[in-house]
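To start, the structure itself, in structure tokens.
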Number of protein chains: 2
Amino acid sequence: MSQQRNGQAAGAPDGAGFPDLPEATVARLPEYLRALHHLAETGFDTVSSEGLAAAAGVNSAKLRKDLSHLGSYGTRGVGYDVALLIAQIEHVLGLTQRRTVALVGVGNLGHALAGYGGFGTRGFRIAALFDADPGRVGEQINGLPVHDIRRLPEVVAAEAISIAVIATPAEAAQQVADQLVAAGVTSILNFAPCVLSVPDGVDVRKVDLAVELQILSFHEHRKSALTTLPSHPANGRVKIRPALNGEALAT
Amino acid sequence: MSQQRNGQAAGAPDGAGFPDLPEATVARLPEYLRALHHLAETGFDTVSSEGLAAAAGVNSAKLRKDLSHLGSYGTRGVGYDVALLIAQIEHVLGLTQRRTVALVGVGNLGHALAGYGGFGTRGFRIAALFDADPGRVGEQINGLPVHDIRRLPEVVAAEAISIAVIATPAEAAQQVADQLVAAGVTSILNFAPCVLSVPDGVDVRKVDLAVELQILSFHEHRKSALTTLPSHPANGRVKIRPALNGEALAT
DNA sequence: AGGCGTTTGTGAACGTACGCACAAACTCAC
DNA sequence: GTGAGTTTGTGCGTACGTTCACAAACGCCT
Ligand SMILES: NC(=O)c1ccc[n+]([C@@H]2O[C@H](COP(=O)([O-])OP(=O)(O)OC[C@H]3O[C@@H](n4cnc5c(N)ncnc54)[C@H](O)[C@@H]3O)[C@@H](O)[C@H]2O)c1
Ligand SMILES: NC(=O)c1ccc[n+]([C@@H]2O[C@H](COP(=O)([O-])OP(=O)(O)OC[C@H]3O[C@@H](n4cnc5c(N)ncnc54)[C@H](O)[C@@H]3O)[C@@H](O)[C@H]2O)c1
């Protein structure tokens, strides 16, 4: 499910397609990992699929199948060794060494991200900040200096950065993405509300707050439609009334 | 697909299940809407499925099927009327009147969200801010006062708020969610890295930045494994090496 | 050592989603 | 009015994801 993905994405690199880990499973592993860390802190040494599933907010059968994909070692009649499972998942996700991340666009949102302390515990280190505004370059945030965007290639190479976060306005995002790719970045997390086009081999994930709210709005709309007309709704199926021509239409 | 969903979510409210819009389609409509607005600003009156699909970053067949679900009016040989399609999608998403949103937790991230101007153009209005910290209550952000969290029921009722955003630390999130539900909120967007448990009929979507980065990390890991061993990879399939017992294990 | 309760791992059935490919529907030019 | 070119809407095959349900595996108690 997920997000933007271009052409034949990484995961099926050549013709002889190999399935390896299902994408849906990959998307859930981080959630399992978070739940496991929480359990470990709470003093658990082992956990059953039922328990972990509850902590991660999923079905236990799904959890077991997900874990079985990574050849996991649970013990029947007992459950999973929490510490071992953490190590396994971190290994699969490539978190055994902390990954360095670049953040481009230190505005409203970028400031919040740069100042966020929660990355360290999840396997990442923000290694560099960039902006195009000369007034912002040189500023220090959380002990990190803001670099001019033109120093991107240099710093990306020096810090061995492979992941970048874009927090610039949408108009600048494509240009920034191009610069990032040129500098050698191969994974991008995009907060700007626009589609990025990147070469094959580069992964893009997008987070758009308004999209999330609009999805919620849809369900909200649905709920209220149901409670307003409690009985005999036509034939038991909610029909979408087509908007009349010109209705709410910005001519 | 997407995110946390509890029990039988809204969308299949009673026994006589009705399919209506596929969830995957709902998740893409906001992206189409954004692309359409962009096209409208650029001066387009009509757009082909091919063109709109490119602007939204999806396959054109998928786009057509999605639009066909809402009984959409395209014209063969021509394409879709941009303004009409915007009105249709906004209608389906329940955006015909602007929805009011509450934001709880005006810290690092909350400040950025409260100061963000991009909501208005996407159908939402942040109608109220809340925090538990007495030092923050009373502060004004973007002309909006920060209310004490205890005034939640009162303000939610007065402003007819049905959607809320949680931007508090994870430890407080469940408690805040309970208060929101008690106050009548039925949709929650959660930025705290934790699972929320809510009654049936309440929708929760979660945004976790670290999860997104970890998914990127997985693909990054995969890519480097492939380029490091360029030839004969065992049997053409990447095997996940199980972590040895105790390896990288915090005993 | 053996039996019992527990929990994993997975085969199989089901449901959803994707994308191709094509007929039907439409415009426009002449 | 007719034919050529374009584009929608959708039927269909395939792939993917989810869930059930159960046998095999394990610990523990006696
Ligand atoms: N603020 C939020 O809460 C929020 C929420 C959702 C989405 N977004 C999106 O995130 C992005 C950033 O939002 P914001 O509120 O921080 O905007 P902002 O205007 O406050 O910050 C943008 C920053 O990017 C910098 N920038 C512009 N062009 C650049 C370039 N070419 N190279 C490098 N840096 C450049 C600017 O100098 C500025 O510092 C926007 O696309 C916005 O739509 C923001
Ligand atoms: N800052 C980021 O960039 C970022 C990124 C990803 C996720 N997050 C998550 O978002 C959440 C907020 O992050 P932050 O950096 O803004 O934290 P923060 O500590 O800066 O802000 C949290 C705010 O919540 C308020 N709060 C605490 N308990 C409350 C309660 N019971 N009711 C109402 N308000 C309460 C606090 O007073 C504070 O103002 C955290 O869960 C964090 O993990 C933040």
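Including glycine, each Cβ sits where the backbone N, Cα and C put it.
In TrEMBL this protein carries:
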DNA_BIND  B:31-70  DNA-binding region
BINDING   B:GLY105, B:VAL106, B:GLY107, B:ASN108, B:LEU109, B:GLY110  NAD(+) binding site
DOMAIN    B:94-195  domain 'CoA-binding'
For the binding-site residues B:GLY105, B:GLY107, the one whose C-beta sees the most other C-beta atoms within 10 angstroms: B:GLY105
Integer mean pLDDT for the domain 'CoA-binding' (B:94-195): 97
Chain A, Cβ under 8 Å: which of the binding-site residues B:GLY105, B:VAL106, B:ASN108, B:LEU109 qualify: B:ASN108, B:LEU109
Three-state composition of the domain 'CoA-binding' (B:94-195), taking helix and strand from DSSP: 35 helix, 29 strand, 38 coil
